[in-house]
Amino acid sequence: MSLPIFWSRTVSLAALAGWVPFAMGFLIVIFPGLSPVDPVVFERALLGYGALILSFLGGVRWGIRLQGGAGSDLTYIVGIFGSVAGFITLLLPLTIGLLILTVGFGIHGLWDVWSGIRGRVPPAYARLRLVMTWLVCVTLVLILIARLLVGQ
């Protein structure tokens, strides 16, 4: 019996749909005319979206722990760091906010993948987080590079 890579096609598509705002952020840096709103407004919204997703990831870990899963009570404390870091990004200049989000997603992804290796979260979840962490972090780095190249 083969295990699904990411549970199902639905989970895979939903995860990729969650990446779309980050991909749009990259495209809008290169082609500001594509933005449905003022590009500056979209940039701030992108930080807000990143903060929201970091909070969501912490909530997932809370949910796993509340069901008697991986971790200890420390999971609740560490799980809130993404929410706090995300909030801080909203108060900072865009470049610094994007850097914080990149580091936050990277740390959270490492935590989830490491937990999968140790059998503390489902293997399919760890694989999903590995791919999505890579996609999001690479996209955020590309946004930072593109901003430097276009002089923003």
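Glycine residues also receive a Cβ, built from the backbone N, Cα and C atoms like all the rest.
For reference, TrEMBL has these:
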TRANSMEM  12-34  transmembrane segment
TRANSMEM  46-64  transmembrane segment
TRANSMEM  76-108  transmembrane segment
TRANSMEM  128-150  transmembrane segment
Practice task
Sort out for me which stretch, of 46-64, 76-108, 128-150, has the most Cβ pairs below 8 angstroms to the transmembrane segment (12-34).
Solution key: 128-150
Exercise for the section: Quickly jot the same-chain residues contacting the transmembrane segment (76-108) by Cβ under 8 Å, restricted to those at least six beyond its ends, or write none. Expected result: 43-44, 47-48, 50-55, 57-59, 61-62, 65, 129, 133, 136-137, 140-141, 143-144, 147
